[in-house]
Amino acid sequence: SLDGKYKVQRHGLFVLCTSGDSVKVYSTRTEEWLHSLQGHTNQVTGIALNPANHLQVYSCSADGTVKLWDFIDGILIKTFIIGYPLFAIYVSEKHEGIVFLHIGFQLVAVHLPKSAEQEVEAKELSAVSSHISPNPSCTAFGREGQYIAFARNLQLNVYFFRKQKTYSFSLKATDKKGAKNAFTCIACHPTDDCIATGHEDGKIRLWRNFIHKKEYTYSTQHWHHNAVNTLCFTPEGTNLLSGGIESVLVQWQYGTGNRKEFLPRLGGSILHVSASSDGQLFCTSHSDNKITVIESSFKVCGVIQGLVKDAVLTDLMIDPRSKALVLNGKPGHLQFYSLLRDKHLYNLDIVQQEYIYEAGLDQFEVVKAAFDIKGYWLATVEERGQKSADLEFFLKLWSYDERTQSFVLNTTITAAHTDRIISMCFSSSEETTMLVTIAEDGQFKAWCQGVDADTKQDQNFWSCDFVGSYHNLKPTNCSFSADSSLLAVSFQEVITIWSPDTWELLTTLCQPPGVIRDLCFGRLSCSKYLISTTTRNLLCCWNLLTCAFLMDSFSGLYTVFVFKPNEPRPLFTHKNVCSEKIHRAVFVPREEPLNNCDESSQWLNRSQLYFLTQNMLVIDDSVAVTPFYLLLGKHRQQQQKLNTPSHQAADRPQQPQGSVTITELLHTPAHVLPPASVLCSMFVSSLLISNTGEMESSEQEMNSEKEEEDSEGEMEACDSQQELRVQGSVDEVTPKLSKAQERELKRVRKTDFSWMAGLIASKP
């Protein structure tokens, strides 16, 4: 998953969670991703199992639709058009055919119409309440759907469906001890009249006798030191589960006072907890984009890890060995994630200290990382005290261990620089390995594996080989050439070129106004070029053989530009590629090169471009298309234009029977299909054009053909004279068609081939 905002439901052997505009289905046994339920055009905001069939699930989205899925086979059953952005969905066994939706600040009951159509508009809406919290965890059904409880700020409301009345209960903003009483989550007991509420101060209140507004009571339980994020009763109602920022799942025994069990160190903050229908498994979702599967005996039996969505302080990197994406993982770790398999591989503990989940604590974080060209060495920088004057940081070098198939710590340098490290890079040569770091102290340093002073032999540790600077200017970035014969270090608006062999300053390159931000040498045929970007949105390119200079300006907050170093014009431009600012990007190698890209997309033959925004990781592979894709894309665009409201229903072409038949064949589970002999006859029959209404047209054609034959004799001479005048000479006249051929050509022109377009559209 690349989204990280989970709403977890589970039945049997599956875990369902929202992920962007889709719903992902995982196996609880293998932790493998099985398939995705795709069909929404905007963020999926909630899911709920169908009470009438636990093999089906409802999903709601900000696109204004509710969809019903068969999540076992991944089939879309029906789409209900609501017409408003939806933020949560709730269902109850006692309200068959009705779903409750969170629209704005309203809770609305929607009657789902029964129709044979796959897409139907739900018009029957009725408001339940207009005081709903924007937090979906603050609404829950109670007593098998007899009432619904919802909390907002300091008020708890209970709506009774039979009485059609709402009872409200309020708390003061703070109690005598100054605790914050605002509601954060809610859960209802499955069989008793009891409502559990979580609060900002970490307390849990159990409300009873709320059926009688004046006689209500509540008891208080307290363990969490911060806000309670989620509450969930087990299906039998014997236990209450709670979670918060402490990353500890707490199990309270219902009706036994304050007895509880703990399952600590689960990862990031617990955002949501769910229980299976049989109570044998629990699932918790976390702020680090992870789902933990837990047995009822309070033992972790599985972990489903997505890309950690916390701030990415390191760059996006590709591990040369595994081709995995590497970036910040859980606190103090680097995450190795396979984009090809969409699967978390492992976390590498860099800080090697226990992380304390408490707001305001100053703890070490991984801020920089870099691989050498072979993937044998990894350099990391960790910092603490970024917001204070007491800055601490360590430079660590890790070597790859073939036996453990992971990186092990080789060297720790406690005083690499006197100020914060800004950037670092490894040399590009496979023969010798060198690391260069630049820092805010105005220096750049070269690090190599140490040499024993007595034996003159290489040692398995790293030490400083050279220290350089330039006119007391602050360095901004560094880069090695493709053959490692040159090192470029930028200082403010000046680029310095050094020889790593002698550490001689070879030349300096003066940039246009603007501090240099990025620096990179070209590769392969463009290795003679040095490219840089500035804080004034300038892309600068130097030819190091001729010292020729090229410059181009670029703008566009949500635009991707692709350049060749030797050409000033962009090779490719993609505007409005996303709705957020692009922070980082990386090319990811393909498993197999593409051979059918058009000329403008050749740069994507061997890799895919991923870029990171504030909330998601996006792949830009839409430009690497085949001619067949362009054909289908053009056809679909035409279909979308035909389906716009400006076109009347009478002008819309009817979907051919063949398209519907093929769709059914491709989307129906194999184990419920009829024999192949029946399918074959159905398939062939669906491709035949209906004869309905063709008799009259054929008679009209016969009459028109007779009229044409009568008039052909009169028009023959005139036509031949016109053809001679147009063609200019008798020698240039092309052979004429016979009368029978002309009639056949007219008949072919009148034939309706629109069924072929429908057939193409039905292909996956």
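Here the Cβ of each residue, glycine as well, is placed from N, Cα and C on the backbone.
Bear in mind that the values here come from a model prediction, so they are computed numbers and not experimental data.
Annotated features, as they stand in TrEMBL:
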type: COMPBIAS; residues: 706-717; note: compositional bias 'Acidic residues'
type: DOMAIN; residues: 316-549; note: domain 'WD repeat-containing protein 75 second beta-propeller'
type: DOMAIN; residues: 558-616; note: domain 'WD repeat-containing protein 75 second beta-propeller'
type: REGION; residues: 693-738; note: region 'Disordered'
type: REPEAT; residues: 37-79; note: repeat 'WD'
type: REPEAT; residues: 176-207; note: repeat 'WD'
type: REPEAT; residues: 221-262; note: repeat 'WD'
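Looking just at the domain 'WD repeat-containing protein 75 second beta-propeller' (558-616), the mean pLDDT is 78. Residues 133, 135, 137-144, 149-156, 158, 169, 216-233, 235-237, 240, 242, 244, 252, 254 of the same chain lie 6 or more positions beyond the ends of the repeat 'WD' (176-207) yet place their CB under 8 Å from a CB of it. The DSSP breakdown of the repeat 'WD' (37-79), given as helix, strand and coil counts, is 0 helix, 29 strand, 14 coil.
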